[in-house]
């Protein structure tokens, strides 16, 4: 889309379904950092990588040891690796270019979500949120796990809070807990079942700050914006909340130490809350005050200006979009299929959602193009206006025409080498080793089912039977089948095909003369009316019954 022809007053959020992707039953999705590749986890344990520019499949990662549904997919910082968590309690790290499995780790509980460490180009650490245990740091190289605390020690004994859920396999009761890294991965933010946000140093496994959430409801999702300035939480009280991050993006761990030094007089929970108030502050909350729906898969837009949340009601595919000020700007209504996951494109105003049936819908903006931008002197009219032409308007050389001198210096060199920096990415995010696209692998040709004669003659078939997928009489390969009215007929047992031709005018004249005056039989007919047989037949072969030996 050319930027000059786009109306700048339109909001940068999607409006309509532009396209949908179909490949098996897809369950979860994730964009790479540039938005050029889209990874989708399927119910059969495979991971499909789509080229988002061409909407084609660029790679398919197949794990023979995994037949369970994929629960989450996560790209590494520069896109060379993908972490896949599955319902069979496995974490698998893949090399994207080669399509080979790097390592596989099996946990004791099913990981609902797994995120790679964002601070490394080749991460070996990931943050996993299991179904019925506390979040943990997993070393993918060694397989070792480090369980993170989900409550402060003063709140009770043990790290696991009480829960309403009960499990029959002997494991302690637990509510699934949400967790995420900050922008550079030096801290982990955990949302627990008591409605608290804990800021944890995963290296020392210590809670350094706590931020209580209004209402104290269970926190189901927690995610940072792309620039790391805002934190979004989704609670069981059907409210989305945005918190502003007051810590510096880099060296957040050091800033926490400085805050703890300023609150030496406090101890325990009071100290954690005091430090937490200097780390996060409530910026805005979002909810549907009428329907009071639960939210699923909330996230920020690529630039952090918009907040999006999917409706968690059964049989509804609705996506709510707010601006950061708290105003609801759009409700996207899709097909009557429940929404299970969604993601916002890192750069463009595009939202991708996954339905319960396994289809991926691409929501894009319905642009209104302003073509007059290419002609600055052109004036758009809202209604018809009477126009009076000038006296010399249609003269070959108008007297009133004044040649305008161009301001462009033709001697200046045009730079066609330097690339413009994308404003959506900072200089620290740029990398020459980043993987943006995958080489396309052409699909093998379909073996031909018929002779070449059929191939060449099939072009002469009536356009009503051209092999359209919508044609009821099209063959299984999209090619029209032969009918009785088709100009193709079998000859000599179907060994070759021969086309009936309409007799030429000269042949009709010859037939008429034959009726009036039969030709005398001769050994060979060489010329008729000084014309050869080929000329009489107009290139159509021998005359058959019309010429006798």
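Cβ from N, Cα, C; glycine included.
Per TrEMBL, the features are as follows:
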- 389-398: compositional bias 'Acidic residues' (COMPBIAS)
- 455-469: compositional bias 'Polar residues' (COMPBIAS)
- 504-516: compositional bias 'Basic and acidic residues' (COMPBIAS)
- 535-549: compositional bias 'Low complexity' (COMPBIAS)
- 389-415: region 'Disordered' (REGION)
- 438-549: region 'Disordered' (REGION)
- 26-60: repeat 'WD' (REPEAT)
- 70-104: repeat 'WD' (REPEAT)
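Sorting the repeat 'WD' (26-60) by DSSP state (H, G, I as helix; E, B as strand; all else coil) yields 0 helix, 22 strand, 13 coil.
Using DSSP to sort the residues of the repeat 'WD' (70-104) gives these counts of helix, strand and coil: 0 helix, 22 strand, 13 coil.
Beyond the ends of the repeat 'WD' (26-60), by six or more residues, the same chain brings 19, 66-75, 77-79, 82, 84, 86, 88, 94, 96, 99, 302, 340-343, 345-348, 350, 352, 354, 358-360, 362, 429, 434-438, 440 to within a C-beta distance below 8 angstroms of the stretch. Averaged over the repeat 'WD' (70-104), the predicted model has a pLDDT of 96.
In the compositional bias 'Acidic residues' (389-398), the DSSP tally of helix, strand and coil residues is 0 helix, 0 strand, 10 coil.
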